[in-house]
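Below is one structure, written out as structure tokens; comments come after it.
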Amino acid sequence: MKRAFILVLDSFGIGAAADAEQFGDVGSDTLGHIADQCEQGLANNDKREGALRLPNLSKLGLAMAHKESTGRFAPGLDADAEIIGAYGHAAELSSGKDTPSGHWEIAGVPVLFDWGYFTDKANSFPKELTDRILERAGLDGFLGNCHASGTQVLDDLGEEHMKTGKPIFYTSADSVFQIACHEETFGLDRLLELCQIAREELEDYNIGRVIARPFVGAGKGQFERTGNRRDLSVEPPSATVLQKLVEEKQGDVVSIGKIADIYANCGITKKVKATGIPALFEATLEQIKEAGDNTIVFTNFVDFDSAYGHRRDVAGYAAALEYFDGRINEVLEIMEEDDVLILTADHGCDPTWPGTDHTREHIPVIVYGKRVPAGSLGRRDSFADIGQTLATYFGTSPMDYGKNFL
């Protein structure tokens, strides 16, 4: 029975890529810099303190993968752990350092075109675009129209939004159009309808995602995003390994978290909603136990990125990694003879880096299975090596990009 479990630690980069200079990210290192801050006692909170401890991930090969990527061991990680997994680091072929590009490339389809971006920090959106969105939605105005941190924009504009009913439109360095609205005063269904309108109107702008950002709360300092985020992505430009598994092998792909949104539902046969790392982990375990032959269980742990990376919360990121490390053996314990587990990421988001954006980094490629030889996979030239490996494993037609590493 062939089953693969892909766990994406969203934003968990392990060292700057060779082309990081093109992105202003030379020297970025999500894992390494978190470990440095922990070692220096600068990443303590009510959930953790001291050096970064990831004993189980180190056994799987994380510390060695980071060493091969950067030339140094991350402090606190066990450099002498007995390795039970195959480990490597992968560079990105895709032109961007965004979520869809990373995930599509993982599934064998790198993004070799340039996304559209809204580059102006203020007055970011063309008037003709916002006019069409407002007209179709029956709205008389909007707030924002700028680059913004998703949490700061709520403090800045949330109360005015509640008073006026005007949605908050904002963007970032990514190819995104984000809409924040209060779940109770504006309405979740109404927000999702507005996002669908925006998705349609953005077709000519080549924008990767429209993101619904619902929130709740009574006023400034009390606003919180809810778990009802939706990402409306364009479809991948060619068939991913997910689609090939479903179409060629009549297999199943179980999406946990925002995976289905990222792939615009292409190649997804089941969607499981869960919010927060503990709930995502529980859902993953449940779906692994239920999975049949020719199945991929695919989970995105978005909080590493959204709650800690973008918010530059080093202690929060470290605590989340240690929580994940403390539970990963639960997956190993229920794996069957031919199963394959892949731990990876889609980009970096170094919480010590200036700004709030992603960082261009290598991603870890950590593979475990009872039939998978332990040892180094070395440097992989593309995230698409993961997709090609899955294509080989499941016996689908080969992908156009990537090399099998098993």
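Positions of Cβ are set from backbone N, Cα and C atoms, glycine also.
Keep in mind it's a predicted model, so treat the numbers as computed, not measured.
Features as listed in Swiss-Prot:
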- D10, D346, H347: Mn(2+) 1 binding site (BINDING)
- D305, H310, H358: Mn(2+) 2 binding site (BINDING)
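Apart from D305, H310, H358, the Mn(2+) 2 site neighbourhood in this chain, defined by C-beta within 8 angstroms of the site C-beta centre, holds D10, S11, S306, G309, H347, C349, T356, D357. The Mn(2+) 1 site is defined by D10, D346, H347, and by the 8 Å test on Cβ atoms against their centroid, the other residues of the chain that qualify are V8, S11, F12, T99, G102, H103, D305, A345, G348, C349, H358, I363. Cβ neighbours within 10 Å of H358 (Mn(2+) 2 binding site), excluding its own Cβ and spanning all shown chains: 30. Between D346 (Mn(2+) 1 binding site) and H358 (Mn(2+) 2 binding site), the C-alpha separation comes to 10 Å. Sequence-distant contacts (6 or more apart, same chain, Cβ under 8 Å) of H347 (Mn(2+) 1 binding site) comprise S11, G13, E92, K97, D98, T99, S101, G102, H358, T359, R360, E361, I363. In this structure, the binding-site residues under consideration are D10, D305, H310, D346, and the one with the smallest number of other Cβ atoms within 10 Å of its Cβ is H310. Reported as a whole number, the C-alpha separation between H310 (Mn(2+) 2 binding site) and D10 (Mn(2+) 1 binding site) equals 11 Å.
The distance from the Cα of D10 (Mn(2+) 1 binding site) to the Cα of D305 (Mn(2+) 2 binding site) comes to 5 Å.
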